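Asks: Please see the structure below; I have some questions.
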Protein chains: 4
Amino acid sequence: MAADIEQGRQKLAWAREHMPVHAALRERLGRSRPLAGITLGVCSHVEAKTGVFVETLAAAGAEVVFTGSEPGSSQDDVVAALNEQDGITGYARRGVSEEELEALHLQALDHAPRFILDDAAELTARLVHQRPALLDDFIGMCEQTTTGVQRLQAMARADALPFPAYAVNNTPMKHEFDNIHGTGESSLTNLLLTTNLLLAGKKVVVAGFGDCGLGIAGKARALGARVAITEIEPRQALRAHMAGFEVMPMLEAAAWGEIFITTTGNRDVIRAEHFEAMADGALLANAGHFNVEIDAEALAGLSVEPPHEARPGIMEYRLADGRRLHLVCEGRLVNLATPTAMGHPAEVMDQTFAMQIVAACHLVERAAGLEPGVHPVPDQVDREVAELKLETLGIGLDTLTESQQRFLDAWRDDQIKGA
Amino acid sequence: MAADIEQGRQKLAWAREHMPVHAALRERLGRSRPLAGITLGVCSHVEAKTGVFVETLAAAGAEVVFTGSEPGSSQDDVVAALNEQDGITGYARRGVSEEELEALHLQALDHAPRFILDDAAELTARLVHQRPALLDDFIGMCEQTTTGVQRLQAMARADALPFPAYAVNNTPMKHEFDNIHGTGESSLTNLLLTTNLLLAGKKVVVAGFGDCGLGIAGKARALGARVAITEIEPRQALRAHMAGFEVMPMLEAAAWGEIFITTTGNRDVIRAEHFEAMADGALLANAGHFNVEIDAEALAGLSVEPPHEARPGIMEYRLADGRRLHLVCEGRLVNLATPTAMGHPAEVMDQTFAMQIVAACHLVERAAGLEPGVHPVPDQVDREVAELKLETLGIGLDTLTESQQRFLDAWRDDQIKGA
Amino acid sequence: MAADIEQGRQKLAWAREHMPVHAALRERLGRSRPLAGITLGVCSHVEAKTGVFVETLAAAGAEVVFTGSEPGSSQDDVVAALNEQDGITGYARRGVSEEELEALHLQALDHAPRFILDDAAELTARLVHQRPALLDDFIGMCEQTTTGVQRLQAMARADALPFPAYAVNNTPMKHEFDNIHGTGESSLTNLLLTTNLLLAGKKVVVAGFGDCGLGIAGKARALGARVAITEIEPRQALRAHMAGFEVMPMLEAAAWGEIFITTTGNRDVIRAEHFEAMADGALLANAGHFNVEIDAEALAGLSVEPPHEARPGIMEYRLADGRRLHLVCEGRLVNLATPTAMGHPAEVMDQTFAMQIVAACHLVERAAGLEPGVHPVPDQVDREVAELKLETLGIGLDTLTESQQRFLDAWRDDQIKGA
Amino acid sequence: MAADIEQGRQKLAWAREHMPVHAALRERLGRSRPLAGITLGVCSHVEAKTGVFVETLAAAGAEVVFTGSEPGSSQDDVVAALNEQDGITGYARRGVSEEELEALHLQALDHAPRFILDDAAELTARLVHQRPALLDDFIGMCEQTTTGVQRLQAMARADALPFPAYAVNNTPMKHEFDNIHGTGESSLTNLLLTTNLLLAGKKVVVAGFGDCGLGIAGKARALGARVAITEIEPRQALRAHMAGFEVMPMLEAAAWGEIFITTTGNRDVIRAEHFEAMADGALLANAGHFNVEIDAEALAGLSVEPPHEARPGIMEYRLADGRRLHLVCEGRLVNLATPTAMGHPAEVMDQTFAMQIVAACHLVERAAGLEPGVHPVPDQVDREVAELKLETLGIGLDTLTESQQRFLDAWRDDQIKGA
């Protein structure tokens with residue numbers, strides 16, 4: 001069936017209206033065109049917000065080639081509505097297999113991008129591993145996920161990162177907003193609509209208390225759930241404890257919880273020993289990038305019959321003693337893979353993608369002076385995006401007076417107290 | 001297109017699993033069959049939870065005829081999967097006009113129900129107004145919504161209620177759970193997924209601080225929104241104020257807010273003078289029963305072009321000065337009429353419909369002794385459903401010791417302090 | 001030591017400034033003088049807010065005689081500063097014994113009050129029990145606490161209430177504000193400052209989920225505590241559950257909690273079997289009216305040595321196995337009896353005492369037409385105080401338009417939807 | 001009047017019981033005695049928790065000389081009860097002038113400490129400025145406040161820091177717990193008890209959204225206040241916005257708010273132009289280290305009469321137009337200088353002081369290898385204290401399996417997805 005291009009255009013129009021930071025950037029970068037002449041590879045969940053991101057990169061002068069970052073998260077109508085625009089070429093399709101996704105990625109790499117804006121370092125890893133010939137002219141990349149930054153650091157440790165990369169995910173403007181609020185809200189809303197269940201009164205286990213876990217846990221509790229946290233890091237565990245959450249190991253949590261959401265970026269966080277401990281009806285969902293956090297293979301191994309669809313987006317596994325465990329979207333990202341999914345809210349991606357764009361412009365300019373490896377985005381770049389965002393919100397700041405500035409430089413008792 | 005009956009069965013199976021109070025009632029009432037021989041009319045949003053409700057009434061011995069309560073809120077697959085069951089006949093279809101809905105209601109009334117379980121008093125009002133001949137054998141009815149109870153009271157004032165009605169909505173077990181948590185969660189999740197917008201940081205105006213308004217306002221704030229309340233009742237206004245909400249008249253709120261949600265049960269709560277004051281991009285949604293709370297006609301009157309779909313479920317109205325206002329689902333119930341809608345979560349309807357069933361059994365038994373008019377459900381019936389629900393949750397209570405019981409009866413100083 | 005009258009005047013001045021509803025009443029009732037010629041008995045915790053209440057009653061024309069409602073909760077400086085005013089006579093002292101309190105009450109009754117504004121029905125119970133001769137001229141009374149209303153109902157059941165009483169506590173304007181916010185905030189702040197402990201991360205057990213329990217539990221959780229509720233009433237238990245609290249019987253909670261706060265209005269809510277189950281260091285406090293909720297006698301019985309002061313306001317009991325349990329203020333009201341205590345915040349008492357005053361004026365006027373017994377305060381009186389309070393806050397309401405008023409009276413489908 | 005030494009001992013005993021991390025450290029360091037032979041200067045608010053900290057340092061082998069960090073925050077009974085212990089000498093008194101405080105500091109420096117554990121770098125700044133001769137043998141110092149770290153950085157910029165300093169404040173284990181929860185709870189509880197006012201429904205302005213501001217703002221809102229934030233930093237402003245707070249410049253907030261709390265670490269955050277805009281009755285309090293955040297001199301300048309005490313701990317300033325502004329404790333730390341003040345809760349200081357102790361032991365050991373200047377505490381030290389704290393709480397963590405550890409090192413697609 002041909003993609004509904006008109007519907008794709010409508011989606012882009014709605015996203016454009018709700019991404020005011022991009023509107024400001026399109027205007028600003030459309031004049032200065034800092035990416036002119038550069039072929040950019042973009043890898044992400046291709047839906048409307050990504051589309052506006054791609055459009056803005058094109059407006060900044062780049063030749064953009066985009067592809068999807070996950071088998072189930074791209075939307076064909078948006079892909080079509082982007083492909084009709086100048087300076088933009090895309091290879092993405094909803095519901096592809098892992099092999100088809102690989103083929104789409106390689107098609108994108110055939111355009112020989114010299115810079116990549118990546119999600120989970122998917123396209124970058126393939127470039128290094130499968131298309132090393134492109135590395136000669138390659139400038140660098142920007143990465144927007146926790147998982148991707150972890151992966152780039154593993155690449156650097158393995159001497160497999162011969163160019164500079166900006167850890168955009170690690171900027172305050174990204175992870176404190178996208179992860180906490182974007183992942184937080186969209187994971188819960190999608191989970192609730194896919195299951196038609198109520199959060200109030202439920203026992204929810206959140207694996208991991210990083211920004212994603214914190215966002216989900218805090219918002220779930222705010223809606224009336226009782227929430228337990230599992231952690232491997234002692235400071236994270238204490239943060240959760242002092243914020244009023246239960247903290248316990250997963251084996252204990254498995255027996256306690258009714259809904260489980262993983263946010264760790266690691267594999268097999270919920271595995272056979274945990275499934276064994278769970279109550280009938282337990283619901284399992286993942287909000288981390290890869291679908292490896294819940295060990296679905298082990299779950300199938302424990303089941304006495306093949307899993308069957310209990311509801312669109314939910315597979316039911318029946319264990320030997322009759323207990324039923326429900327896995328949401330095969331453990332794929334619950335805010336991107338459910339039947340109702342549209343990924344992060346527009347305002348969040350407006351901010352995250354703006355960080356990617358401004359960071360990319362900055363890295364393109366100074367790449368020559370940077371060593372290969374993973375670099376933090378300079379704080380000034382982060383601050384600049386924050387100021388842009390505040391402007392679109394109409395929020396005013398105070399500024400330091402001269403005497404306040406002096407006070408910050410004072411240290412002697414007579415300077416401070418006599419001040 | 002034929003309804004997908006297999007999908008309807010799947011939906012019913014999921015709902016059945018998540019409605020443990022109904023499971024307990026099916027077992028209990030399946031033995032005693034208190035509704036044997038009675039033709040019951042059920043009017044509600046016909047989706048899976050209503051299906052389980054209908055099944056349970058049939059299990060209690062009733063001959064059930066059901067119909068939809070709203071043009072857009074019934075699901076054809078569930079209707080089909082119910083119609084194949086013994087003792088159940090249904091007349092409901094998704095996406096009918098008001099005229100078609102009326103015809104479906106009259107078809108249901110052709111079965112001459114002697115008792116009605118109603119939503120917004122829809123079927124009851126028609127019975128009295130359009131099929132008065134049925135009143136002779138009519139026993140009574142149970143009503144589950146705020147709107148419906150208001151309407152029944154208006155009927156009683158107009159001498160148009162010649163039988164006893166139970167205000168099931170007014171029981172604690174209904175309105176403190178269904179309205180606060182059910183409407184609260186489902187209105188927000190549906191609004192967020194229909195718009196793909198973020199709640200964190202938004203300015204939300206909630207019209208009305210009854211249980212529905214309180215639920216929506218509290219949960220919206222818990223997710224990071226700033227929330228203002230409008231009210232006509234001084235105690236409600238103070239409750240909201242002391243709970244930390246802004247309270248202001250709608251005219252002021254109109255200029256302040258970004259998202260507006262009505263929950264008043266009245267008409268024209270947002271009207272021309274308010275549209276005039278709103279900012280570009282304002283989003284308008286309704287969580288009250290009827291689609292009259294937002295004056296869509298006045299909005300169309302202010303527009304310079306016919307409204308167009310900005311996104312599935314959202315119509316955009318363009319005013320003379322270029323501002324665009326967005327109306328969600330034509331002002332119909334935001335948790336039932338959006339493209340993603342599935343109404344209330346299963347656990348909530350498990351409780352609400354259980355109240356309807358137990359109240360109906362109680363009213364059938366004692367109707368002869370009751371005057372016509374709107375009656376409160378006896379507190380003991382409410383308490384009984386609460387105990388049933390606690391049992392399914394495995395929650396234990398304390399019980400009064402003898403000396404505690406005596407203490408509650410003491411009043412003299414020497415009895416209390418010497419106790 | 002003579003009371004510091006200047007300090008008492010200062011306290012009254014501060015309270016006056018923060019009780020704007022009383023300011024409005026003083027002006028209004030100072031003109032109409034509805035209580036002229038009536039001797040009023042006032043029984044309450046005599047501190048500055050009560051002082052402003054007493055002053056306002058005097059301004060309304062009454063001859064006021066006041067006394068304390070609890071051995072430890074009156075302040076000598078405020079008593080002195082009131083006693084110097086015209087139309088006011090008081091008998092109250094801090095730190096009296098139960099016998100001395102009785103003597104003070106009887107001194108107040110010697111003035112032959114014809115109307116009482118009471119706290120926990122203390123003065124009323126004594127009047128009926130110990131000074132029945134006064135009943136002939138007695139008009140009626142107003143009661144502001146849950147405990148007092150329970151007690152009056154016990155009196156009525158025992159045929160010991162030969163005059164009308166208004167259950168002021170039961171008005172929305174009282175119990176939804178005073179109990180939830182006043183008791184909630186002041187119980188926690190006093191508990192925290194008396195113990196110098198942190199709430200964040202603590203396990204807190206709240207006995208009872210009425211308005212006081214709900215206020216304390218909600219605010220404790222909001223500050224980072226994990227909170228469990230114990231209840232005897234199934235609807236209350238479900239409310240707590242759906243609001244995200246743990247609900248469990250006290251025996252289980254005893255083993256789980258670190259801090260225990262009773263709010264039930266009953267006796268022996270925490271008793272020997274519970275002390276036995278508690279962990280070393282458990283902290284016990286009461287926020288109900290009488291100091292009988294925690295069975296201190298049983299606690300002493302379990303102890304191997306006399307209790308000793310672990311800190312001002314905290315007694316330590318050492319059990320046979322070495323565990324130490326800490327009882328705050330001998331189980332007296334934690335927001336009134338601690339070393340830092342000042343009772344409820346001024347704004348709360350402004351509202352509660354205003355309800356008492358307006359209700360008293362109303363009852364004085366219509367007492368002749370009322371049967372003896374406990375009566376609800378007419379809703380209109382409650383509404384009037386709410387409007388007064390909103391005025392002082394500058395909060396505006398919407399008002400019903402004519403077509404909205406008509407809509408509320410409509411019930412036929414054609415009236416509602418064609419409207 | 002002689003200090004009540006018995007009362008001081010009681011306070012220490014209570015604090016000891018509620019500081020389990022110190023108990024563990026006393027045992028561990030009492031064996032290894034890593035500070036043996038070193039004279040340590042301790043500067044802090046000398047009350048019971050500081051006493052337990054001092055005792056633990058002595059148990060670790062140090063010769064401890066302590067002094068107060070603020071004129072109003074030391075308690076004479078605790079000072080006396082410490083001074084009777086071996087290895088501990090103290091110079092601190094409540095209610096001293098700035099000159100007397102200086103003299104006490106110099107007395108402490110007369111003991112020639114070789115290491116300092118400081119609060120706001122008070123003692124360290126004096127050492128450098130007034131006793132430079134001691135610098136030759138000086139090892140280094142640990143600083144626990146935001147203000148102190150700022151000051152040390154100013155010293156370093158001014159070439160006035162010739163030894164290594166650990167920024168203990170900057171560790172997660174300090175600032176995320178002490179600042180957010182300790183300052184948050186204790187500032188609000190002290191403010192509420194000093195004023196006898198209610199937070200629910202109030203308009204509160206918090207200046208600064210660092211950890212202290214975030215803690216106070218979040219907890220104030222949780223108790224029912226409406227909260228506005230002022231900021232100079234765009235990311236902080238956005239964090240506050242997305243968390244649902246109002247964000248506005250102080251000039252606007254001045255006209256809006258009822259209660260103002262400063263937490264910025266800067267001077268004159270509220271100054272003449274802001275006082276001019278405030279409403280009658282505005283309440284001003286400071287939760288930052290120095291009493292310079294609210295410009296009290298300017299406030300006095302605007303007043304038409306000398307300020308008078310409106311209530312213990314609260315001075316009233318009357319402006320020309322009759323408005324009254326209320327300043328709490330002369331703008332000193334609201335959680336330390338009010339009549340009810342006891343500083344941070346015990347559990348918080350248990351953690352903060354434990355960080356100081358473990359960091360000090362670590363710095364003593366490696367000081368020779370460190371450049372002069374401000375250094376971060378190694379993450380491993382922070383983690384060690386976190387593990388100790390979790391142990392005392394009985395909270396368990398998960399640990400990485402081998403395959404999870406490998407997963408974190410993987411980056412190639414075939415490694416991750418085939419894993």
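Every residue gets a Cβ built from N, Cα and C, even glycine.
Remember, TrEMBL labels are computer predictions, not curated facts.
Copied straight from TrEMBL:
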- B:145-147, B:210-215, B:GLU231, B:287-289, B:ASN335, B:HIS344: NAD(+) binding site (BINDING)
- B:179-341: domain 'S-adenosyl-L-homocysteine hydrolase NAD binding' (DOMAIN)
Asks: Taking Cβ atoms only, which of the binding-site residues B:THR147, B:GLY213, B:GLY215, B:ALA287 fall under 8 Å from chain D?
Replies: none
Asks: Roughly where does the domain 'S-adenosyl-L-homocysteine hydrolase NAD binding' (B:179-341) sit in mean pLDDT, to the nearest integer?
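Replies: The average pLDDT of the model in the domain 'S-adenosyl-L-homocysteine hydrolase NAD binding' (B:179-341) works out to 96.
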Asks: Given the binding-site residues B:THR145, B:THR147, which one is most crowded in terms of C-beta atoms within 10 angstroms?
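Replies: When each Cβ's neighbours within 10 Å are tallied, B:THR145 leads.
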Asks: Would you count the other CB atoms within 10 A of the CB of B:HIS344 (NAD(+) binding site), including those on all shown protein chains?
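Replies: Excluding its own Cβ, B:HIS344 (NAD(+) binding site) sees 28 Cβ atoms within 10 Å.
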Asks: Let's check the environment of B:HIS289 (NAD(+) binding site): how many other CB atoms sit within 10 Å of its CB?
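Replies: So the Cβ neighbour count for B:HIS289 (NAD(+) binding site) comes to 26.
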Asks: Identify, in sequence order, the residues in the chain of B:GLY213 (NAD(+) binding site) that are 6 or more apart from it along the sequence and have a CB within less than 8 Å of its CB; answer 'none' if there are none.
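Replies: Result: B:VAL206, B:ALA207, B:ILE229, B:THR263, B:THR264.
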Asks: Does B:ALA287 (NAD(+) binding site) have same-chain partners at least 6 apart in sequence with Cβ under 8 Å from its own Cβ, and which are they?
Replies: B:THR183, B:SER187, B:CYS212, B:ILE216, B:ILE261, B:THR262, B:THR263, B:LEU333, B:VAL334, B:ASN335
Asks: Restricting to the same chain and to sequence separations of six or more, state which residues have a Cβ under 8 Å from that of B:GLY215 (NAD(+) binding site).
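Replies: Residues satisfying the criterion: B:ASN179, B:ILE180, B:HIS181, B:GLY182, B:THR183, B:GLY184, B:GLU185.
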